[in-house]
Structure formats: structure tokens, C-alpha cells
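> Checked Swiss-Prot, it gives:
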- 1-34: signal peptide (SIGNAL)
- Asn43: N-linked glycosylation site (CARBOHYD)
- 65-167: domain 'PA' (DOMAIN)
- 186-208: transmembrane segment (TRANSMEM)
- 256-297: zinc finger (ZN_FING)
Amino acid sequence: MSLLRITSSAHSSASSRLWRLGIFLLLSLPDSKGKAIWTAHLNITFQVGSRLISELGESGVFGNHSPLERVSGVVVLPEGWNQNACNPMTNFSRPGQTDPWLALIERGGCTFTRKINVAAEKGANGVIIYNYPGTGNKVFPMSHQGTENIVAVMIGNLKGMELLHLIQKGVYVKIIIEVGRMHMPWLSHYIMSLFTFLTATVAYLFLYCAWRPRGPNFSTRRQRQLKADVRKAIGKLQLRVLQEGDKELEPDEDNCVVCFDIYKPQDVVRILTCKHIFHKACIDPWLLAHRTCPMCKCDILQT
């Protein structure tokens, strides 16, 4: 019974831990509304001398609040020494009043929303923001609430500085921004969490199935084997038939501590390994139930 209780308790504890793990993993998963990241393909065209150069690359990412649309235009810089376009009075050097244009703006100095609004108010078709110096070509999806009507993408600092230098040299640069691929960075976390939970579930079910049918049978077999070992040990214990003159029959000797009767001639007694004696009819059932001497607790299976 003790083994069964332990096994049942172990299963209950494991089940409880597995349930708590599942809840933790589910709560740790990202919100189903988590945004995907959309890359931006930039088709860059400019002329150097008589050569027309065209570059196509997955150079940027769309902002979180940007429409996912194709947009094109000549690339224009903010006027003045500061390229962050944080001042609402910032103007842009447009080549022609009717040509569509894209603002190339440096990150920093104010929020993305403010930069984008400044360019949008001046008539930009879209906004390209390049990252801080020292960040290489690292990009991330910008947050710019309130500017959902204009395309906004981020490109790396290296690519941004390359475009900046071309335009500052008077090179006419045109860019077509197209929607690239969708990435879901939270998906790997979701898959890993799901895999961990499923692995734990399968492991628990395997152990549960392995132990559940085995537990009761194992306990029963163990008890049967123990009884058989006790019977075998009892059978090896010495027997005597008391005769007149034996010291056990003397008045000052102890009685049988199991039945409390005095010993009489012709009584059959069992002598344990600890040398204590008892009526055979009394001690054999006792040993089957307890397997120890009633007086000194000596275990007959350990001697």
C-alpha cells in the first residue's frame, strides 16, 4: 500500500508540475496580434558620367505603422547642415515641383513620427530613415503612430551614408521601394515553447504509462515474494518438544509472551535465531505478519 501511495503521489505531483509548465509557456507566448516584420526591397538607380547604375537589394524594413505599398521617387535631403528633419520648418531640396520624391532623413534628435510628419507636410511620397552612425547596416521596424498614410522604411547607416554622399555630390538618385518578405521573429519562440511543452508532455505520458500498469502488480509480486522468504526462514528455525526436566518448565521461567500461557511437557516450541523460544502455534503466525522476534525485534530475514 505504501508503494501505491508513493506512486500515485508522484504521478499527481508530476501532473501538477506539467500543468503549471503548460500554463507558464502559454502565458509566455507572444500576443496573437504581434506584428510581423516586412522587409523593403530598394531598387536604387543613379547615373555616374555616362553610366547608369542600378542596385537592387533587401536593404530595409517597413515601419510598424507604414502602409505596405510600392512607392518611388527621387531621393531628397533636408536643407541645412542638420539631416534629422526635426524642425517643423525644415525644407527639402526638390529637383522639380511636380516630380514625386522620397525624403532621406537621419535617425535621432526627435521621434520617428515627427520626422515623418515633417516630410509628409512638405509633400514627400515616402520617407527613408537611416540608422545611427556605428550601427553598420542594422535595422529594425520603427514605431511611428499617426503617420499611417505615408510609406516609411528604415535602412542601415552604411547604405544611408552612401546615398547621402551621392546626393551631396549632385548625383540624381531615384529609388523604388517595394514590399519584400514577411518575417515573424516571435515564431521561433513560439515553436521552441511548443516543442518544450510537447516534449515534457510526451515524457510524462511515457513514464505514466510505464509505471501505471506496473505499480500494483509490482507491489503484489513483492509482497508474495516477501511472504515466501519469511515462510522459508521460519522453516529453517529450530523446533523442540519440551520434556520433563527442561528448564523452560521450571516455575520461575518466562511464559510464552505471545499467548502468555506457561510451557507444558510435550509442547512444541520454536527457537528463534536470537535464542528466544515460543509456542510454535503462537510464533509462526506472528512471524508471518511481523517477521521479527516479539521480545527483541530481531528480523529473521537478516540473520
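Glycine residues also receive a Cβ, built from the backbone N, Cα and C atoms like all the rest.
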> Is it possible to get the count of other C-beta atoms within 10 angstroms of the C-beta of Asn43 (N-linked glycosylation site)?
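The answer is 15.
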> In the domain 'PA' (65-167), how many residues does DSSP assign to helix, to strand and to coil?
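Helix (H, G, I), strand (E, B), coil: 21 helix, 24 strand, 58 coil.
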> For the zinc finger (256-297), how many residues does DSSP put in helix, in strand and in coil?
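With helix first, then strand, then coil, the zinc finger (256-297) has 11 helix, 8 strand, 23 coil.
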> So what pLDDT does the domain 'PA' (65-167) average out to?
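Here the mean pLDDT over the domain 'PA' (65-167) amounts to 93.
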